[in-house]
Amino acid sequence: MNPLAMMMFLTSLAIGTTITLLSHHWLLAWIGLEINTLALLPIMTKTPHPRAIEAATKYFLTQATASALMLFSCLINAMQAGEWDINTPSNLMTNSLSIAIMMKLGLAPMHFWLPEVLQGISLVTGLILSTWQKIPPMILLFQISHNINLSLTVILGLTSVLIGGWGGIGQTQIRKIMAFSSIGHLGWIIIILKLNPQLSLFNFILYTIMTTAMFLSMIMLSATKMSQISTSWTKNPALTTTTMLVLLSLAGLPPLTGFPPKLLIIMELIKQNMFISATLIMLASLLTLFFYLRLTYIIALTLSPNTHNSTIWRTPTKPWLVFSIINTMALTLLPLTPAILLT
């Protein structure tokens with residue numbers, strides 16, 4: 001793709017996100033989301049492969065449906081309340097608006113598009129879709145969190161964690177595994193949204209950091225399948241080790257970065273006397289833990305017999321500084337959790 005065109009599309013992504021983040025008006029927020037969607041479509045199809053075209057088509061149809069439902073809900077709200085202000089949604093439109101935004105995020109049971117779309121695009125575009133594209137809808141959810149239906153968030157959160165673990169178990173493609181991982185993490189974020197929006201935001205920030213670290217690792221290893229990961233030790237032992245630790249961090253094992261949000265969410269659910277929800281989400285997250293441990297096993301405890309024991313790292317020169325900072329944050333933020341929550 002022409003670098004000028006790529007820069008224009010990336011700038012449009014940034015502008016669309018900024019418009020949504022700064023808007024107090026539902027129509028402006030909707031316009032920002034549409035700019036985001038339309039800017040990502042050419043990036044998804046920059047390699048004219050049938051799978052990329054199919055992924056872009058599925059993404060466009062899903063996002064268009066969610067946008068139509070969102071605009072319809074906003075129009076109903078404007079008719080009832082007489083204004084378009086984001087902070088004053090009516091009870092009638094809050095549920096439909098929440099479902100539209102959750103469809104944009106890829107929460108279960110509106111998740112069917114996410115694994116297929118992520119599988120059909122490149123790792124770099126997958127990184128944008130899994131992190132940057134989730135910021136505007138998530139911020140809108142935070143803004144209406146005080147009016148959102150608690151039963152809706154708990155049911156969709158539990159369903160997402162369950163499907164995120166169940167769907168990822170049988171996968172061999174890393175992009176599909178990351179898609180189901182994203183669904184599971186979003187379930188953890190949504191289930192606590194009504195009760196503690198600050199904790200949801202904290203969890204979302206850590207999810208973004210860990211997912212970015214994982215995608216950057218895959219980009220540097222040029223790995224899209226489990227079989228390619230198993231041969232990565234001879235290419236770059238240090239990178240393979242940090243990739244294994246990032247996977248364990250995504251799984252939520254202590255003392256890594258992924259542990260504090262899960263611990264704090266469970267504590268908050270127990271504090272709100274939601275013992276059944278806390279038990280169910282912990283049991284459902286065991287499914288997610290299984291496929292993370294399987295990936296870790298393939299990385300750390302298997303070595304392909306077809307590769308020679310070379311001590312030369314064959315990875316070309318890449319932006320190691322950015323990667324090192326993101327990886328460090330994805331592994332070592334546990335001691336800083338109290339300071340982050342108090343700011």
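Using N, Cα and C of the backbone, Cβ positions are placed for all residues, glycine too.
Nobody curates TrEMBL annotations by hand; they come from automatic prediction.
For 23-288, the entry in TrEMBL reads domain 'NADH:quinone oxidoreductase/Mrp antiporter transmembrane'.
Feature annotation from TrEMBL assigns transmembrane segment to 121-144 (among others). Long-range contacts of the transmembrane segment (121-144) within its own chain (CB-CB distance under 8 A, at least 6 residues past either end) are made by residues 13, 16-17, 20-21, 29, 32-33, 36, 40, 43-44, 46-47, 52, 55-56, 59, 86-87, 89, 94, 97-98, 101-102, 104-105, 175, 178-179, 182, 186, 189-190, 193, 197, 200-201, 204, 208, 211-212, 215-216, 218-219, 224.
For 150-170 (among others), the entry in TrEMBL reads transmembrane segment.
Through the fold, the transmembrane segment (177-195) approaches residues 102, 105-108, 111, 114-115, 117-119, 126, 130, 134, 138, 141-142, 145-146, 148-150, 153-154, 156-165, 167-168, 171, 203-204, 207, 211, 214-215, 250, 261-262, 265, 268-269, 272, 277, 281, 285, 288, 291-292, 295 of its own chain, all at least 6 residues removed from its boundaries and within a Cβ separation under 8 Å. Look at TrEMBL and you will find 177-195 (among others) tagged as transmembrane segment.
Residues or ranges marked as transmembrane segment in TrEMBL: 201-224 (among others).
Long-range contacts of the transmembrane segment (236-254) within its own chain (CB-CB distance under 8 A, at least 6 residues past either end) are made by residues 181, 185, 210-211, 213-214, 217-218, 220-221, 229, 261-262, 285, 288-289, 292-293, 295-296, 299-300, 313-315, 327, 330-331, 334. The transmembrane segment feature in TrEMBL is assigned to 236-254 (among others).
Summarising the annotation, TrEMBL assigns transmembrane segment to 274-299 (among others). Long-range contacts of the transmembrane segment (274-299) within its own chain (CB-CB distance under 8 A, at least 6 residues past either end) are made by residues 154, 157-158, 161-162, 164-166, 168-169, 171, 174, 177, 180-181, 184, 187-188, 191, 226, 229-230, 232-233, 240, 243-244, 247-248, 250-253, 262, 265-266.
As annotated by TrEMBL, domain 'NADH dehydrogenase subunit 2 C-terminal' applies to 289-341.
Marked as transmembrane segment by TrEMBL: 320-341 (among others).
Residues belonging to the domain 'NADH dehydrogenase subunit 2 C-terminal' (289-341) score a mean pLDDT of 74 in the model.
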